[in-house]
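Trainee: Sequence annotations record features per position, and here TrEMBL assigns Zn(2+) binding site to A:296, A:347, A:478. Taken from TrEMBL, the feature domain 'Aminoacyl-transfer RNA synthetases class-II family profile' applies to A:234-501.
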RNA sequence: GCCAGCGUAGCUCAGAGGCAGAGCAGUGCUUUCGUAAAGCAAAGGUCGUGGGUUCAAUUCCCACCGCUGGCUCCA
């Protein structure tokens with residue numbers, strides 16, 4: 001969504017300056033961080049002397065609007081580092097940047113905004129030109145409007161406050177970030193706000209409660225979702241779908257315990273890297289165990305149980321199982337980020353020359369699975385950051401080999417795009433192909449990943465006996481489809497706004513008799529539908545029909561069957577569809593046939 | 001973990017240093033209804049938890065737990 005609109009970028013960038021000027025005017029001893037543009041507007045990081053609250057946004061916004069209406073000019077100039085240091089002598093964050101830029105030999109530019117009018121006050125942190133009654137100067141590479149009159153005073157809005165570490169490093173002081181939305185017109189701003197409101201309406205935390213899919217308990221703890229009967233139906237169906245696709249690709253199910261000796265992770269390399277995130281357990285005999293935070297080492301131990309022949313490769317192990325990670329509480333969020341994560345995890349143990357075919361199979365499963373929900377997929381190649389080799393395991397040679405293999409597969413698939421390469425995005429044991437999905441309201445989510453691992457086979461000494469009778473090192477492919485069932489459910493709920501496809505709906509059909517007099521007929525219909533493995537319910541008729549329909553719509557039940565005297569006499573049913581809101585009368589037989597077909601095709 | 005905001009009934013929310021409030025949901029009774037909210041009644045609370053200040057704290061202060069938005073992190 002990055003804007004390529006230069007003008008819009010200039011507007012946003014200018015607004016960031018005006019925001020800083022307004023803040024300095026109101027809170028003169030505030031320290032300035034940086035104020036860049038972002039996808040939907042801009043922000044400015046500031047260090048306030050005293051904590052501030054969101055109420056100040058309104059008055060700052062008004063002040064900025066006055067600046068805009070006063071038609072203030074912007075102009076830039078190149079300056080020496082000596083002069084810059086003098087100008088920003090009271091701004092330590094700016095001084096840090098100045099020192100850095102001059103060390104790197106970059107040009108230093110400053111941008112002025114000024115006013116000659118007495119009633120306009122711009123935050124003044126430097127002495128300005130005598131002929132100006134007010135001016136604001138910021139260190140900045142430029143990209144501004146020439147005059148604030150080019151900015152639509154109704155096209156922006158200061159949206160919220162947040163904490164943010166200086167330069168994104170948690171060891172640095174934390175600044176207060178003021179976010180602003182900005183567009184060229186009020187209409188575009190309103191549309192954006194409406195999109196945001198729509199996203200809020202679709203919030204899976206809210207819908208999860210309304211649809212009775214999952215819950216959290218203070219006694220169980222933060223980040224540990226509990227799934228209701230309805231939510232569990234959805235989980236199981238999703239998992240079965242993935243399993244069907246995997247079985248066709250030759251996968252086998254394996255089962256593993258959730259606790260392991262820490263030695264397993266010392267061997268795999270996870271202990272050193274992730275021990276802070278492990279839930280640790282000490283036994284009564286004083287041994288250390290951990291809740292498993294991933295499944296690969298367990299699967300690797302199943303592979304390692306015996307000497308394997310090249311004839312038996314690839315071996316493809318799949319488990320749907322929970323892993324546990326001691327995430328920082330501040331990172332938890334509904335189902336999107338939890339501490340007990342159900343992974344639909346699989347690992348393929350194969351020779352390097354089998355990688356291409358195996359990845360092709362996984363790719364196909366991902367396409368089928370996500371395609372069936374109408375997600376639009378994008379692919380990205382995540383590689384090791386050569387400058388931070390210490391963050392990764394394994395030799396240069398093995399990384400080179402693995403990265404080359406993945407790149408080739410993507411090129412063959414015509415899916416390689418050099419703009420979609422994430423340097424530093426690799427897993428610590430190998431490069432990966434990451435899939436992102438665009439949902440129905442245009443948001444992009446990180447979903448499946450295929451990771452090629454040349455390191456754990458090394459660490460666990462995984463090999464096969466090849467044609468020549470020699471021991472040959474194998475590779476491992478990590479292939480989760482949903483990744484985390486929890487996170488996938490969150491994505492799916494927000495993508496569908498809770499309106500699941502028919503095959504996935506916890507209750508597919510609700511039968512509503514007009515009155516109790518027709519309950520018997522309704523029950524016969526229920527039995528018939530259940531005999532076709534359809535998920536049906538039949539609530540009692542002690543509320544008005546209108547109320548019961550309303551309730552069913554809120555619960556997002558795909559089909560409502562209404563039966564009364566007419567239907568009973570004519571031996572048919574009246575059907576109301578959630579998607580079309582239309583009503584049809586047809587025979588039960590036709591309805592069942594149609595429904596079964598939709599379910600088989602996984603359509604709505 | 002850090003910054004900011006928040007925590008009152010199952011849900012959405014009002015209130016205030018001195019008897020705890022509403023709507024919806026739930027329960028009981030009445031109603032038996034034709035495609036998005038029938039009526040009546042009773043009930044429902046350690047005002048997140050613990051400590052402090054006060055004659056008195058759900059309200060003010062502190063700590064913890066939890067939630068939201070960000071930051072950092074995300075095998």
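Every residue gets a Cβ built from N, Cα and C, even glycine.
These figures come from a predicted structure and were not determined experimentally.
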Trainee: With the Zn(2+) site defined by A:296, A:347, A:478, which remaining residues of that chain have Cβ atoms positioned within 8 Å of the Cβ centroid?
Mentor: A:294, A:295, A:299, A:300, A:345, A:346, A:451, A:453, A:456, A:476, A:477, A:479
Trainee: Cβ neighbours within 10 Å, counted over all protein chains: which one of the binding-site residues A:347, A:478 has the most?
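Mentor: Output for this query is A:347.
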Trainee: Kindly assign residue A:296 (Zn(2+) binding site) to one of the three DSSP-derived states: helix, strand or coil.
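Mentor: In the DSSP reduction, residue A:296 (Zn(2+) binding site) maps to helix.
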Trainee: Near the Cβ of residue A:296 (Zn(2+) binding site), how many other Cβ atoms are there if near means within 10 Å?
Mentor: 21
